[in-house]
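**Student:** Okay, handing you the structure first.
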C-alpha cells in the first residue's frame with residue numbers, strides 16, 4: 001500500500017438522460033483508477049441525484065500521477081427498478097487527468113464536468129460534480145478508526161482538506177486583452193468574449209457548484225421539481241359529490257357557524273354583538289344597533305378548522321353593547337353538540353338558518369331569540385371565502401380584510417392613438433428678435449405625457465402653421481372617465497416652454513376602431529386661457545381608441561393572454577385551465593417573529609386570484625381551486641407566493657415576495673393532472689436561494705382538439721400588430737404604462753393587491769440591464785448554435801479519416817444523393833420524423849421549472865447581482881458606478897470588435913465588384929467567366945460529386961495551408977482603412 005490515498009468525492013449529478021422507459025433513471029457512479037474500481041449506491045428514480053460519497057483508491061507511486069487518468073462512468077441500475085431485470089444502461093462518462101489533483105493539505109474545490117458520449121450514436125446529457133484530492137494514509141486511518149473502523153470497502157468517510165476563506169474585495173477591471181477568470185466552482189463551457197469585473201464572494205457562497213445549491217450550514221439545496229401524490233377530491237361521500245367541481249385539492253373539514261340576527265333581546269341600550277366560542281377559540285361579530293324595531297342584524301359566518309376543534313360543544317353567546325366584554329353584559333346563549341350537526345357538501349343547497357330560543361347562564365330560559373345555522377363542510381362551501389377563520393384569530397381591525405381569498409378582474413386596457421397632423425394660426429410671441437420658433441405638441445392622459453418632435457416648418461408655410469403628422473400612443477382603461485389633453489407649446493429657452501394653446505377631449509367621446517381604417521380627423525379650436533382672442537388658433541387631430549391591438553402588460557416571453565381588446569374580435573375558447581393551490585413547505589422567513597403569513601396570487605389573462613392568508617405558518621395549506629378559460633395554448637400562468645405585511649396596526653407594510661412559478665400550457669398533456677412541488681427560487685445578493693416549495697395541481701382540458709391544433713397556425717398577436725405595427729420603443733413604453741394602470745386599479749380593490757405584488761407578477765423590471773441575464777442569453781445562443789457546431793465537427797471527423805469505415809459510408813451516401821437528388825428532401829423529412837418518434841418515449845414527463853444553470857444564477861458574481869438589484873437611476877456611490885462603467889466599456893469593446901469583424905467580411909464581399917482593388921476585381925471577373933463556361937458545359941451532378949470527393953479526400957492528399965480562394969478573399973479591401 002502506498003503512502004497516499006486518492007479521494008474521489010462524488011457530489012451530485014443533474015439533468016441525466018432517462019433510461020428506464022418511464023421517464024427516469026436509477027443512476028450510480030463507477031470510478032476506475034489504476035485497475036481499482038469503486039462505485040456509489042444507486043439513487044432510485046432520480047435524474048438529479050445527490051450522493052456526497054467518498055471513494056478511496058491506492059496510489060502506487062505519486063510521481064506517476066501525471067501519466068494516469070481517472071475514469072468516471074454513470075450508469076442506470078436496471079435491477080433497482082423492481083422489475084426483476086438486471087444489467088445497466090450507460091448514462092455518460094468523464095475522463096479526468098490525474099496530473100492536476102491537489103496534494104495532501106492543498107485546497108480542493110468541487111468541479112462540474114459535462115458527461116461525454118461513449119460513441120457517436122449515444123444519447124447522453126447532463127453534468128456531474130466531483131471533488132478530487134489526495135490525502136495522507138495516516139489521516140485516512142485515523143478518520144476510519146474514529147468512524148468505527150467499519151463500513152463498505154468501496155465507500156470511506158474521509159474529511160476533505162479545508163478550504164480557505166475568500167475575503168470580499170473589489171477587483172479592478174482587467175487590462176485590455178486579458179480575460180478575467182471565472183470562480184473555481186464552474187468554468188465557462190466555452191471561451192467567451194465577455195469581460196467582467198467581479199466582486200469576490202465569501203466561500204460560503206461557493207461551497208460547491210451552485211447548480212446543486214447549498215443552504216445554511218453547507219447543506220445541499222434541492223432545486224429540482226418533485227412529483228407528489230396528494231389525496232385529491234376528498235374521500236368517501238365527499239369525493240362522490242364534489243369531485244366534478246373541486247377535485248384538484250385535498251378536502252379540508254370545517255365547522256361553520258352563521259349568526260344571522262336576533263330579536264326581542266333584553267339589553268340596556270341599542271347595541272348588541274354575538275360571540276362564537278369553541279374551546280379556546282372565540283370569534284366576535286361586529287356591533288349591531290336596532291333601527292326602531294327590536295331586531296339586531298349581523299349575518300356573519302365563522303369557520304373553525306378541523307385541527308382547531310378540541311371541544312364537543314360550540315356556543316353562541318349574545319352580549320349587550322359594542323364595547324369590551326364584561327361579566328354583566330351577558331344576554332343569552334345557545335349550545336350545539338358537534339355530534340348532532342349536519343354535514344353539507346356542494347352542490348347541496350345552503351343550510352337554512354333557524355330561530356332558537358336562548359338560555360341563561362344557569363340553563364334557564366332567557367328572553368330573546370337568535371337565528372343561526374351550524375354545519376360541517378369543506379372549503380368548497382360558498383361561505384368559506386367570506387368567513388372568519390379560527391386560524392386567523394390573532395388578526396384584528398383592518399387586517400381582517402387582507403386575509404380573505406378574492407378574485408380580481410384587471411381593467412380592460414385600450415390603446416389611445418392621438419394623431420397630431422398640423423396647427424393653424426398660432427400666436428407665436430417674439431420674445432427674442434430673430435429666434436426661430438421650436439414648436440411641438442404634447443399629449444397627456446393622467447400621468448402619461450408624450451410629446452412630438454419639433455415641427456417641420458415648410459418653406460411655403462408661416463411659422464404659425466406648423467406640421468407634425470405624428471402619432472402619440474397612450475394606455476387607457478375602462479371606464480373612460482378621464483380626459484386627453486393636447487397642448488401646442490414653444491420651446492422659448494432650455495427648460496422653459498410657453499403654451500400656445502390647449503384642448504381637452506373626454507375619452508368617452510372618442511371613436512373606437514377595430515381595424516386599420518383611419519377614423520375621420522377634425523379641427524379643434526385651441527384655448528389659450530386668456531379669454532377671447534381675434535386669432536382663431538386651431539389644431540388638426542385624429543383621435544381613436546384602437547381595439548384591434550392586444551395591450552401588453554406582461555413580458556412577451558411568458559404572456560398569459562394574446563387576445564385583442566375588442567370583444568368582437570375574440571375567437572372561441574380552446575380549453576379550460578384548472579389550478580389547485582394545495583400548499584407550501586419550508587417557506588423562507590421574512591419576519592422577525594420567525595414565521596410567515598403566506599398567501600398565493602395566480603394570474604392568467606385578466607383574471608387574478610388571491611388565496612386566503614394562512615397566519616403564522618411556514619408550511620401553509622390553502623387547498624383552493626380556480627378555473628380559467630383558455631383561448632391560446634401557447635400561454636403561461638404565473639403563481640406567486642407572498643408574505644402578508646398588512647396584518648399589523650399602523651402604516652401598512654408591503655407584501656414581501658417569497659417566490660413564483662411559471663407553467664406554460666403548451667407543455668402540458670391534455671386532461672392529465674400534474675401534481676408537483678415546485679421550487680421557489682429567489683435571487684439574492686449572495687446568490688440564488690430556495691425559499692420553499694409550492695405544491696400545485698394543474699389540469700389543462702381541451703374540448704375541441706381541432707381548434708387546439710388550429711391555434712398553432714394562427715398569428716401569435718392580433719392582426720393590427722402586423723398591419724400597423726408599433727415601434728419597439730413604443731411597445732416597451734406602453735407596457736410600462738399598462739403595468740402602472742393595472743397596479744393602480746388593483747390597488748384600489750378590497751382587499752387591495754399591492755403594487756409590489758402586481759409588478760413582481762408582471763416582471764416589471766425585466767427590461768433593465770443585467771450582466772447575469774446577458775451572459776445567460778449568450779450561452780442560450782451558444783446552445784442553439786451547438787447543433788451546427790456538432791455537425792461541423794462530425795464532418796471534420798469524417799474528413800480526417802480516423803474512422804475509415806464511417807468516411808467511406810458517408811461518401812457512398814453523398815454520391816447516392818448526387819445521383820438521385822429527388823431523395824434528398826424525402827429522406828431528410830423521414831429522418832426527422834423517425835427521430836421525433838424515437839424521442840417520444842424520452843419526452844419530458846413534468847412541466848418545466850426555473851433552471852438556475854440556464855439562468856446563470858449559479859455563476860453570477862456578487863457585484864453583478866448588486867448591479868441587477870440597483871435602482872434606476874443608480875443609487876450607488878461614484879466609485880462603484882465608475883467600476884461598473886469601466887466593466888461595461890470592456891464588454892462594449894468586445895462587442896464592438898465582433899461587429900467590426902462582421903462588417904469587414906460583408907465589405908469584402910462588396911469589394912469583389914466595386915473595383916476598389918482593380919486587380920482583385922479583374923481576377924474575380926475572370927473567375928466568374930470561367931465558372932460560367934464550366935457550369936454550362938459540365939452537368940451539375942458531376943460538379944457536385946467532384947467537389948464532395950475533393951473536400952472529403954484523405955488528409956495525406958491535403959495541404960494545411962489555406963485554400964487560394966480563402967487567401968484571395970482575405971486580401972480584399974475594406975472600409976476599415978477609412979475609419980478614424
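Here, residue 1 is simply the first one shown, and the rest follow in order.
Here the Cβ of each residue, glycine as well, is placed from N, Cα and C on the backbone.
Please treat TrEMBL annotations as automatic predictions, because they have not gone through curation.
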**Student:** Which stretch, out of 775-806, 807-838, 839-870, is listed as transmembrane segment by TrEMBL?
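**Tutor:** Checked against TrEMBL: transmembrane segment maps to 807-838.
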**Student:** If you look at how TrEMBL annotates this chain, which of 18-41, 42-65 comes out as region 'Disordered'?
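**Tutor:** Going through 18-41, 42-65 one by one, TrEMBL gives region 'Disordered' for 18-41.
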**Student:** Of 94-143, 144-193, which range does TrEMBL call region 'Disordered'?
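**Tutor:** Result: 144-193 is the stretch TrEMBL calls region 'Disordered'.
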**Student:** DSSP helix, strand and coil counts for the domain 'C2' (558-678)?
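**Tutor:** Tallying H, G and I as helix, E and B as strand, the rest coil: 7 helix, 57 strand, 57 coil.
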**Student:** Kindly report the helix/strand/coil residue split of the domain 'C2' (1-111) according to DSSP, in that order.
**Tutor:** 13 helix, 52 strand, 46 coil
**Student:** Run through the domain 'C2' (395-524) and tell me, per DSSP, how many residues are helix, strand and coil.
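**Tutor:** Tallied per class, the domain 'C2' (395-524) gives 9 helix, 66 strand, 55 coil.
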**Student:** Helix, strand, coil residue numbers for the domain 'C2' (236-356) per DSSP?
**Tutor:** 12 helix, 55 strand, 54 coil
